[in-house]
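S.K.: If you scroll down you'll find the structure; I have some questions about it.
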Amino acid sequence: MVPLHFTILILFSFIIAISSSSFTPPRHPFDPLTETELKLVRTIINKSYPVGPNHKFTFQYVGLNEPDKSLVLSWYYSSRNHTIKPPPRQAFVIARDNGKTREIVVDFSSRAIVSDKIHIGNGYPMLSNDELVVKFKPFRDSVAKRGLNVSEIVFTTSTIGWYGETKAETERVIRLIPIEGMTIIVNLDEMKVTEFKDRSMVTMPKANGTEYRISKMNPPFGPTLHNAVLLQPDGPGFKIDGHIVSMWANWEFHISFDVRAGIVISLASLFDTDVNKYRQVLYKGHLSEMFIPYMDPSDDWYFITYLDCGDFGCGQCAVSPQPYTDCPAGAVFMDGIFAGQDGTPAKIPKVMCIFEKYAGDIMWRHTEAEIPNLEITEVRPDVSLVARIVTTVGNYDYIVDYEFKPSGSIKMGVGLTGVLEVKPAEYIHTSEIKVGEDIHGTIVADNTVGVNHDRFVTFRLDLDIDGTENSFVRNERVTTRTPKSVNTPRKTYWTTKPKTAKTEAEARVKIGLKAEELVVVNPNRKTKHGNEVGYRLLHGSAAGPLLAPDDYPQIRAAFTNYNVWITPYNRSEVWAGGLYADRSQGDDTLAVWSQRNRKIEKKDIVMWYTVGFHHVPSQEDYPTMPTISGGFELHPTNFFERNPVLKTKPVKVTTARKCTPTND
């Protein structure tokens, strides 16, 4: 859901002159746009589109225009000796211009607009943080009728989706939901209320037991947790130079912030000591979309089927994590910079954190007890490096982790917590529910129902395993009868039946239907024993959509029809729900692109993976939910010649001296 604090702000436009001598482009082609660059973009565009009483122009998205991949890789391979210049640096801007959507590309070297076109398809751009109406008289009268004060009302701002309307009927509007039974429709381009409904008065839940601020709570408190200290006497084990993270367990990668995706990981590679060079793993990985459909078809709820990243921006909704709680001691923080609705730079301080994770896990171990008169025990504690962002989209908080392990694995984790989305009800006990009635959720408190819903989180992963020419292998495990010629009492065993997907259709996977291993390989690179080098997908628990395929929300979110998709690389195919998600009609999604059934064998390919959750609320989820987590892992498979952490030295554990109080 969208943040509850979205309000209309009157912003004053101004132009900042930037001389050519004051602008120095960042060193890395994937560095996020700087404040200086954002100011320059605003200046250049405002010269062509001056804002005035009769000209409404708003910035809805400003980000790095994806540079040509071949140029990036040429620069990357030569970057250590600086023989090739980085590719041209440009900004991609989506703006609303007097009711139309413009796509503008600004080139920084020429300080000019090099592309400018009107979007003529379906859908609207992401909402900005500056886009409420509390002075509207019918609304104030309805609030007073309920015996409430306007100051007590918190608005839920909702996009309204698409339900078969024509393009002419799909205006750029949002739905404000202050109280159950009351609806306000606001036209964002005209910034005025176009519809107001006050259909009914319902029994409102009481606020008793909903306080979650520790400073406002009274004893008795919950389980007691003892204080702890993590001490790194030698300091952090990683280095950050600009946006490049390096010198940690042979990993090197680039990290940046995007207002729509949040964290973006690029050019992740591993230094292989056996060959004395860095080897590619991940060209670029990030959140692509989140689909959040609620399972109540009533007039107050049917439209709540959000595409969070495309509607509201998973980066724009990110918050500054709290030191020592959101991120542990020793974490390093980085700011997030983006453009506000008038193009001026805005900052989310310390929005990303990077830290080493000591969770008490074991990297590998073995006790050899079968050798007479000799016992051998070798153990290595596991440590990982985590890049984290926390994004609060309305009532839900998402904790998104990119975790790098010394073994070469990359884990993507999603934690769900926050405040449960509830609706008022006349019931306080399940025995009061009428026979055959569906309340679409669970009674979690007096007159309070937590509504059933789904959470689908889709990642885009441009894997380059030891190069760009990769293939996708589905290695099925097949039960086989033991041949009669074999002298054994065993009747069956399982064996592997690998199949390389040649087209996109052959690579669509619903996890759990078959016992199979999913691997991205480089068929041109093999180990000394002849195995193709690769990375396999270790998936978590799988969940797929339960909505009918012809239901309008599912048409828009058809990218969730499969857990795994493989597509050929296309730099315009980034957002699984389409570039314009708000009020989209499902005609520009991952599912539509994949219908072309392009060849993917020995190609530059992209993996799309969806983490899914079906959530039936329980009383323990109210008012705030204990975190539930899901995710997946990309794990090296015949990528190395042997266990890459075999020779890892044990971590030296430093213990603090125990301080015991004395009795005087």
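Using the three backbone atoms N, Cα and C, a Cβ is placed for every residue, glycine included.
According to TrEMBL, the record shows the following:
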type     : residues : note
SIGNAL   : 1-20     : signal peptide
DOMAIN   : 28-116   : domain 'Copper amine oxidase N2-terminal'
DOMAIN   : 230-646  : domain 'Copper amine oxidase catalytic'
ACT_SITE : Asp308   : active site, proton acceptor
MOD_RES  : Tyr396   : 2',4',5'-topaquinone
ACT_SITE : Tyr396   : active site, schiff-base intermediate with substrate
S.K.: Suppose we draw a 10 Å sphere around the Cβ of Tyr396 (2',4',5'-topaquinone). How many other Cβ atoms does it contain, all chains included?
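M.R.: Its Cβ has 22 other Cβ atoms within 10 Å.
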S.K.: Tyr396 (2',4',5'-topaquinone) to Asp308 (active site, proton acceptor): how many Å between their Cα atoms?
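M.R.: Tyr396 (2',4',5'-topaquinone) and Asp308 (active site, proton acceptor) have their Cα atoms 11 Å apart.
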S.K.: According to DSSP, how is the domain 'Copper amine oxidase N2-terminal' (28-116) divided among helix, strand and coil residues?
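M.R.: The counts are 24 helix, 31 strand, 34 coil.
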S.K.: If you average per-residue pLDDT over the domain 'Copper amine oxidase N2-terminal' (28-116), what number do you get?
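M.R.: Averaging the confidence scores along the domain 'Copper amine oxidase N2-terminal' (28-116) gives 93.
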